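Colleague: Below is a structure I'd like to ask you about.
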Amino acid sequence: MDARQMKIKAAEAALEHVENGMRLGIGTGSTAEEFVRVLAEKVASGFQISGVPTSERTARLCLELGVPLKSLDELPELDLTIDGADEVDGKLRLIKGGGGALLREKIVASASARMIVIADETKVVDVLGAFKLPIEVNPFGQLATRLAIEKVASRLGLTGDIVVRASGDGPFMTDGGHLILDASFGRIPDADALAVELNAIPGVVEHGLFIEMASMAIIAGPEGARTLKAS
């Protein structure tokens, strides 16, 4: 079973948790896109949901495949969000934002009664941090913001490069018009403390640490999908 097949298995298992008539947050990224595809097949058979996308990219795919969408302003309270993750640990703490949609992903997840994470087994880690931590920042004063992040990281014993994410000949811009700094910390032993510190930096719009947000994770491997709950 290759990586894409594992993502499809996770998406199919997550679909079993979606009930007819649900208000559904729909994530961003390669695994979330496989979920959109299996969801679209069910919608085509008469299944009804109202989806709220976490990015313009997800919205385009949903519209292309016939998944009905609403804005979060139209549906400010959601029953469930299904989204991927770049890393997930045993406490269901996540690193997200590899696809650049972390702000909207976190807003939508926070508006949901439950969040189910779907991922392949390569995303499960003992300690977060091998994947670069995305930090969304306002373009204004981004160098000052980066220095503030470096000072916070140093206080917590974290080291590594923090660089502006690029796209083509310029910086990557989020749907909200912000920059993303990718922090290569390697290991983040105290993700909770780092999340609190990053939240206190004025130029930080959002960060990719999702703490106490996921209610369960569906992890796919060669033998099929399994459920992971917080330890």
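Cβ coordinates are placed from backbone N, Cα and C, and glycine is handled just like the others.
I grabbed these lines from Swiss-Prot:
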type	residues	note
BINDING	Thr28, Gly29, Ser30, Thr31, Asp83, Gly84, Ala85, Asp86, Lys96, Gly97, Gly98, Gly99, Lys123	substrate binding site
ACT_SITE	Glu105	active site, proton acceptor
Colleague: Using the centroid of the Cβ atoms of Thr28, Gly29, Ser30, Thr31, Asp83, Gly84, Ala85, Asp86, Lys96, Gly97, Gly98, Gly99, Lys123 as reference, list every other same-chain residue with Cβ within 8 Å of it (recorded substrate site), in sequence order.
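Modeller: Result: Gly27, Ala32, Ala119.
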Colleague: At its widest, how many Å does the recorded substrate site span between Cα atoms of Thr28, Gly29, Ser30, Thr31, Asp83, Gly84, Ala85, Asp86, Lys96, Gly97, Gly98, Gly99, Lys123?
Modeller: 16
Colleague: Here's one to test understanding: among the binding-site residues Ser30, Asp83, Gly98, Lys123, whose C-alpha is closest in space to the C-alpha of the residue listed as 'active site, proton acceptor'?
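Modeller: Closest candidate to the residue listed as 'active site, proton acceptor', judged by Cα separation, is Asp83.
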Colleague: Can you tell which of Lys96, Lys123 has the most other C-beta atoms within 10 Å, given these are the binding-site residues?
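Modeller: The residue with the densest Cβ neighbourhood is Lys96.
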Colleague: With an 8 Å cut-off on Cβ-Cβ distance and a minimum sequence separation of at least 6, pull the same-chain contacts of Ser30 (substrate binding site), or say none.
Modeller: Lys7, Gly84, Gly99
